[in-house]
Each structure stands twice: as structure tokens, then as C-alpha cells.
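Peer 1: My questions will all concern the structure given below.
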Amino acid sequence: MSVVKIRNLTIGEGSPKVIVPLMGKTSEELVEEVQVVKELNPDMVEWRADVYERLEYMEEVGRTADELRMALGEVPLLFTFRTHKEGGSREWSETEYFELLSRMVDSCRVDMIDVEYYSDEQQVKNIIQQAGEKGVRVILSNHDFGGTPTMEEIVQRLKGMQEMGADIAKIAVMPRSMDDLFTLLHATNRMKENYANRPLITMAMGKLGLISRLAGEVFGSAATFGAGKEASAPGQIAVDDLKDVLTVIHKYQYR
Ligand SMILES: O=C1C[C@@](O)(C(=O)O)C[C@@H](O)[C@@H]1O
């Protein structure tokens, strides 16, 4: 299993890495939020750009990215535009989506981008290649807010992301029952044991999914999202609480 190294961070060994989202709608809000979030000592910060109001103004987006980059120092920055169909805030065409990702990659202002797996296949391949040339890492992702696919289907999706060239494969599902939570954990463990050759990130959202955000080290998820100033998905808990649990699991699970 290969690890992913970004700046001083190694994803895929030890405790799951803690990623904290930035949910500011304006540059001012983001600049304030990043200071609060940095105090929490996150392993990585995610800019949820779909929430940003002036996303059409690329110069402003670039300036904001510069400010975040500067504020974060060596903390890696993940750039995410979550599309409406996968739970994000804004409806954009696929052309606009890939144009934005491509510009962010080109500017080298971010360390990693999130690309939704269920997008135009050729465009996904193109952005992976472009990111590779620029040294930007790629998470291929899928979000199922409607429910939880079968264990086999989750494994298929994660394998597909890996085969397409993701540095990290990620899936978030919405459990409707404890069985759904077990399905997600089972699929994660199945991937870890049999197929994963690079880090995975998996989570079941909402209250029912809590354990999946805490026990990644046990089942095979290499990172987890914790709420800083504002949560970006249902079920995220406060970073400090999250870190406490991760530390305890690490201490007694693998010494
Ligand atoms: O993909 C993910 C995972 C997530 O949806 C979660 O459930 O924690 C939160 C999002 O901000 C992030 O892009």
C-alpha cells in the first residue's frame, strides 16, 4: 500500500488524518475562518469553494486562494467544489466545473483537488493528467446522500477510482440503519484487505455514521473530516473531540 505525501503530511499510515473544511461565503469570512481553523492544528484544510459567493470572479478566487495559502503555511490545502447533485451548494455546468478545477491546478495554489468520480470520464482523466504534471494530488470522490449502496457496489466504485488514477479514493454514504453503517465499514475493510494499493477515505454521514468517522484506523479509512467553525456534512464532530478519540484508538490499537 503506497502512502500519499503532501508537504510534511503522510496520508496512509498511523492515525487517520484530520481534514477541516472552510465554509466561508466571502473572502472576509474565509480569512477569519482560516485563523480559527488553524488554531485547531488540522492535518489538512479543505476549501469548500461551492459555498463561496463570487466564484465566477476568477481573479478574486485566486487572491482568496493566495490568502488562504499564506495563512496556512505548511498545512496542505484541498480544493473542493461539491456539485449540487452530490450535496453541494451550487448548480454549475460540467464545463464550468472542470474549467474551475483546471485553473486551480494550473495556478499551483492548492495541494490537492477533489474531483467527482461520476463526471465526464474523459474530463476526469484529463484533469488527473494535468494535476499530475503540476504536482497537485487528486481525490476522486463520490457522495451518496440518498442511501448506502451494497458492499459490492461500494468496493466497485472505490476500485474504479483507484484504477482511474486517483491518489486517494473517497466515498461518503448516508446510512438509514445500523446495517447500512456495517455495509460501509465492511466495504472499507474489504478494500483495505484485498484491493487498496493507495489510501482510501470512507464515511457514513449523519448520526448513525459516527463510528465510521472515528474508527478509520481499525477499518481502513486514512482520513476523516472534523468540524471547525462550521460542519460541511451531517455527522461531523468538533475537531478536538475527534482528535481525542483518534488518539485513544491509535494508542490501544497499534502500539
Ligand atoms: O467529501 C467530503 C466528505 C464530507 O462529505 C463528509 O461527510 O465529511 C465533507 C465534505 O466537505 C468533503 O468534501
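For all residues, glycine too, the Cβ spot is worked out from N, Cα and C.
Curation plays no part in TrEMBL annotations; they are all automatic predictions.
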Peer 1: For the 3-dehydroquinate site that TrEMBL describes with E46, W47, R48, R82, S232, Q236, which of these is also annotated: R63, R103, R213?
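Peer 2: Matched candidate out of R63, R103, R213, per TrEMBL for 3-dehydroquinate with E46, W47, R48, R82, S232, Q236: R213.
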Peer 1: Just counting, how many other CB atoms are there within 10 A of the CB of R82 (3-dehydroquinate binding site)?
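Peer 2: Taking all protein chains shown, R82 (3-dehydroquinate binding site) has 22 Cβ neighbours within 10 Å.
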Peer 1: Could you check which of the binding-site residues W47, S232, Q236 have their CB within less than 6 A of ligand 1?
Peer 2: S232, Q236
Peer 1: In Å, rounded, how far does the Cα of K170 (active site, schiff-base intermediate with substrate) sit from the Cα of H143 (active site, proton donor/acceptor)?
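Peer 2: Between the Cα atoms of K170 (active site, schiff-base intermediate with substrate) and H143 (active site, proton donor/acceptor), the distance comes to 9 Å.
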